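Working notes for the structure below.
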Amino acid sequence: MEPSVGIVKTRHIDFNGDLRLESGRLLAAPITLAYETYGQLNADRSNGILVTHAWTGDAHAAGRHTPEDRKPGWWDDMIGPGKVLDTNRYFVICSNVIGSCGGSTGPTSINPRTGRPYNLSFPVIMVRDMVRAQKRLIDHLDLPSLVTVIGGSMGAMQALEWGVLFPDTVRSIIPIAGTGRTSPMAIALNALARQAIFNDPMWKKGNYRPEHPPADGLALGRAIGHISFLSNASMHLKFGRRFSARDGMFDFFGQFEVERYLEYNGRAFIDRFDTNAFLYLAKALDLYDVAWNYDSREQALDRIQCPSLWFTFSSDWLYPPQEAEDIVNILQKLGKPAEYHPIQSDYGHDSFLVEPEKFTHHITEFLNRLTV
């Protein structure tokens, strides 16, 4: 059995100050952040690493909450004794983003000004707002700086924003399978997912009861999103053109294996994620542009003062390699130390979760060059 961080607990911290959002609105206090930590702080509190999660992730990145848990945290392959993010060396933190439903303040939370759940009265948030909330946690933990901020997909956006927003705090950033701004195609896919939810009569304009969510709409919305995480090659390998039951081939409702998989994946998602949180995070993804409130991407990226390590995946069509390459090229033209590794993989956008062994040695080498 591989080394593990063992049994872990999700913690919660409430912050008393309101949070001014990029929209200009205030997110009212108390603002809760759910987080987990792995490993121990060193004497001068200089060994902290922040892990940032993707769209439907949470703070539970490694270990298990109980011995009976079927699966460990979502990045357990990466975090633990002797692993890439070595908990014998680093103090690793992962927090749930605001706007989500994993314990941090989001649309399911109680609005302190009304005493009722926010639902759609929750303000629209941006990735930059998520990062500002995370900075409060890092300050609460009394970490003067971070060795790195590392994450994939939406986590890569957060890592990049850390470099732009808090250049004096981060000593490096590692964006994986990310982009500098969300493309029209990615926005279009999210629009379809939204419409699937809006067309479910149980959605009730976001005022559904938790025990009666818009299950059909959320399942379909998730399935639409999930397709973009895969690739043509991985779907051929996993499903081919196989039917789930041969005698259903000429049954009008007979299913290919890929159909059954999408249906199962969507239905399983209902039990672990809130619909409004799904919508709010999709909106945050759509709005993402590192140049927001700057005159250009160059002006935003010139704020980064630390080395960066970038990974893309050849079959990722959600955030194609060229999108991250554009950011790396700008950084290098600005004289910033930006290291880039395009990874050959057939697993699409999810390659960073499926085949970490293809890029982790680069992370180890990169971290070894940094001072802890």
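Numbering starts at 1 and runs along the chain as displayed.
Backbone N, Cα and C atoms are what each Cβ position is placed from, and that goes for glycine too.
According to Swiss-Prot, the feature active site, nucleophile maps to Ser153. Feature annotation from Swiss-Prot assigns active site to Asp316, His349; the stated evidence is sequence analysis. For Arg222, Asp350, the entry in Swiss-Prot reads substrate binding site, with the evidence type sequence analysis. Feature annotation from Swiss-Prot assigns domain 'AB hydrolase-1' to 49-356; the stated evidence is sequence analysis.
Shown here: features listed in Swiss-Prot, placed on the structure.
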| residue | record | DSSP class |
| --- | --- | --- |
| Ser153 | active site, nucleophile | coil |
| Arg222 | substrate binding site | helix |
| Asp316 | active site | coil |
| His349 | active site | helix |
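Comparing His349 (active site) with Arg222 (substrate binding site), their Cα atoms are 15 Å apart once rounded. Sequence-distant neighbours of Asp316 (active site) (same chain, six or more apart, CB under 8 Å from its CB) are Ala177, Ser231, Gly348, His349, Ser351, listed in sequence order. Note on the domain 'AB hydrolase-1' (49-356): mean pLDDT across this stretch is 96. Over all protein chains present, the Cβ of Ser153 (active site, nucleophile) has 27 other Cβ atoms lying within 10 Å. Annotated pair Arg222 (substrate binding site) and Ser153 (active site, nucleophile), C-alpha to C-alpha distance, rounded: 16 Å.
For the pair formed by Ser153 (active site, nucleophile) and Asp350 (substrate binding site), distance between Cα atoms is given as 9 Å, rounded to the nearest Å. Residues within less than 8 Å, Cβ to Cβ, of Asp350 (substrate binding site) and separated from it by at least 6 positions along the same chain comprise Phe229, Leu230. Using a 10 Å radius centred on the Cβ of His349 (active site) and all shown protein chains, the other Cβ atoms total 25.
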